[in-house]
Each structure stands twice: as structure tokens, then as C-alpha cells.
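The domain 'G-protein coupled receptors family 1 profile' annotation in TrEMBL covers 47-311. The transmembrane segment annotation in TrEMBL covers 35-57, 69-93, 105-135, 156-176, 202-226, 258-280, 292-314.
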Amino acid sequence: MCNLIASINESLNDNRTSTPATHENSTQTTNVIPVLYVFFAILAIIDNFMICLLFLSHRSLLNQASNRFILLLATVDVLTVIIVIISPVGQVFGDNYPYPRDRSIGPIFCAVIGSEYFIWAFGFTSVYTIAILSIERLYMVVQPRYYKKLFTSSNVNMMIAGLIVLGLIIAMANPFQSRYEPYVKKPCKWVPLTKNEQINTILYTVIFVMQFLLPSTIISTCYTIIACKIRKISIMDVSMTHSIKSVNNRRVKRQVTLMIFAASIILIICWLPNQIYFLLVQLKVVETLTSIHLLTKILVIANSSLNPFVYVIFNKNYRKLMMQTFCKICRRRFWGLRRKKVHMQNVSILKQISKNLGLNMVMRNLSYGNYSFYTEWMYIATQSISVIRLKGLPYISTKLSSCMRQC
């Protein structure tokens, strides 16, 4: 862990907001940032993996469109953090990272890996997934009649594929901003999109709008409309009587809506500083890799680790199923080890009893691990129990009977 922190500490001096950076930072910042970086990365992998495991254990949850999008969000967050750790950004290999020195492979490596293309492509997929979830909630609350027609199983699958493609398209500027220099220790260098500053200003502004401002506007607009609709429904409910089933359904819808709203707020809080700072860096208003810049990158990583906590805190059903999944894993692990230990003890006892009784064939099969030989052994063991009891050996008889029951 110390080597990992030290290597990430060194790599953070070469990072950028969406691209590799080239400036040094203060000693105090570089001592704190790597610890937070590793902490949130590991936490994001663990808790998002638990969310994926939850859906795999309860496949019926995937019948709902919102749960499919949440599964996509958890999967993308795990992939993002894993790529961050194994790429030059994380510098797990330290100074010995295997950069390609071949002139034919090097430019491809810098365009795809060195530019952090997939890291930010998956990140923007997460942003637009939250935006689609906001639209899904809007239709659920405001237009329930059109909800089932729009968010069918096939349409949701197409939306998921479209979100992944959209993220890959939005991050397409990154490969064009990474240049390969073969004679440098770290050959992937950051360059502007064009040599004209005015054109760069227009391009970077459009990129900022597409990457963050547009999905944030969609999220804000959707939840403003949802809030107004829920307020009207609450006023009408004062003078109306509803069945228990209707009340429970409405409560579940509100829980899911509140959960996605909280995830949207956290996403905006975590991504907004980074995106604004990135735009200012591109426009050459501020310098890169200051203490504030590094903290904005930590917030982006932290967003991936905070989403699962939002799901569990704001949704009672998720919380209950998560506890069931966790207990099931612990129970299988504990009982699996216990059953394996008891099984090996029984095999050892069977070998000894078989040897004492002269049952060489049974002992040979047990030694070879041929436990399917129990059918023949059962007949011999049943006959042997009566012989053992007649000889006054009740302890061995009890052990043999116990073995027959457990095996």
C-alpha cells in the first residue's frame, strides 16, 4: 500500500483534469491527495460491486427500468475506477510503467490510454445515465400513461447501449489532445486541440456544454417539474381516500424518486468544480495541478463511491435486499468452510474404519477421492455397524452412523 500511495503521489504531478498535466504541486498537497485517491478508489470498487451482486442475486429487480439504469451506473463506476488504477494515471507500476517505445504502437497508446479516453468516456456515461434516470422519474410521476410504452424492456436496452456510445462520442476530444514523444520518459504529452486560441475557446465551451451543462440542465428541469407535480398530488390527497396498495405503491415511487434525486445532487456537487476548473484551464485562466485542481479530481472519484450509499440510505427495499445478500454471502462462506471441514473429518474416519474392517476397496476409493463410491460402501457400512456393536465398540458405531447420515 505504501508503494502504491508513493507511486500515485508521483503520478498526480503529471495528471490533468481530463488530460495529463505537466506541473508540480506542493509537498503538503501531495501527501494528502494520494491517500484520499486510493481510499475512494477502493471504496468505489467494493460498494459498486456489492450493488452489481445485489442485482445478480435478485434478477426480478431488473424488470424495472430504473434498476437497469442503476446497474449500468454501478458497472460503469467500477470500470472507471479500475481503469484509473491500472492506467498511467494511477501509476501502480511507478516509474517502471511499460510505455510502448515503438513508433507505430506509441501514438495509438497515447491516444487511447494516455489520453485517459475511457476513464472520461465512462464518466460521462455515468453523468448521462443520471440524466436519463431523471427523465424516467419524470414520466413515472407526471406521465404514467406513457411510461410503460416508452420504457419497455427493449427500449431500455437500446437506451443503455445509446448511453455507452454517447459517452464514447463525447470524450472523443481526448485522443486528439494527446501527442506521442518517443524520447521522453513519459511519452504522452498534452497539446491543445488547435493552434488558434479563438477556435479553442469555442470548442472547449461546446465540450463543456455537452459534457456537463446539458445533462445538469436536464436533471434540474426534470426534478423541478416532479417537485411541482408531487406538491399538487399531496394537496389533493388531503381530501381523498386511497387503498393501502395505492398508498404503498406511491410510497415506493417516492422513495425511488428521492433516491435518484439525491444521487443527482451529489453528482452535480462532485462534478461541477472539476468541469468548471477544466474549462478555465483550457482557456488558460488558471494553472493546472494546484491544490484546488487535485481536490476537484478527488471529488469526481468520490462520486463513484458515494452512489451505492445513496441507494441504501434512501431506499428501504435496497437496504433490506442488501442486508439479505450480505448475510447470504457470509452464511455460505461460513457453512461452506464448516461443511468442508466436517466432510474431510468424515472421510478420515471412514478410511480408518474401513482399514480396521479390512474394507480395502472402500479405503482405496476414498483415498482417490471417489466419493461417488458411497452406494456400495453404504451397504458394507450398514452390515458393519451390526458387527461393530456386537463386538462392543459403540463409539465407532456412532461415528460410522454419523458419517452415513452426513455423507
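Residue positions begin at 1 at the first shown residue.
Every residue gets a Cβ built from N, Cα and C, even glycine.
Whatever TrEMBL says is automated annotation, not expert-curated.
Comparing 156-176, 258-280, 292-314 for CB pairs under 8 angstroms to the transmembrane segment (202-226), the maximum falls on 258-280. Between the transmembrane segment (69-93) and the listed ranges 35-57, 105-135, 156-176, 258-280, 292-314, the one holding the most Cβ pairs under 8 Å is 105-135.
Per-residue confidence over the domain 'G-protein coupled receptors family 1 profile' (47-311) averages 83 (mean pLDDT, predicted model). Counting residues 6+ beyond its ends, the transmembrane segment (156-176) has Cβ neighbours under 8 Å at 18-19, 65, 68-69, 72, 76, 111-112, 115-118, 120-126, 128-129, 132, 193, 203, 207, 210-211 in the same chain.
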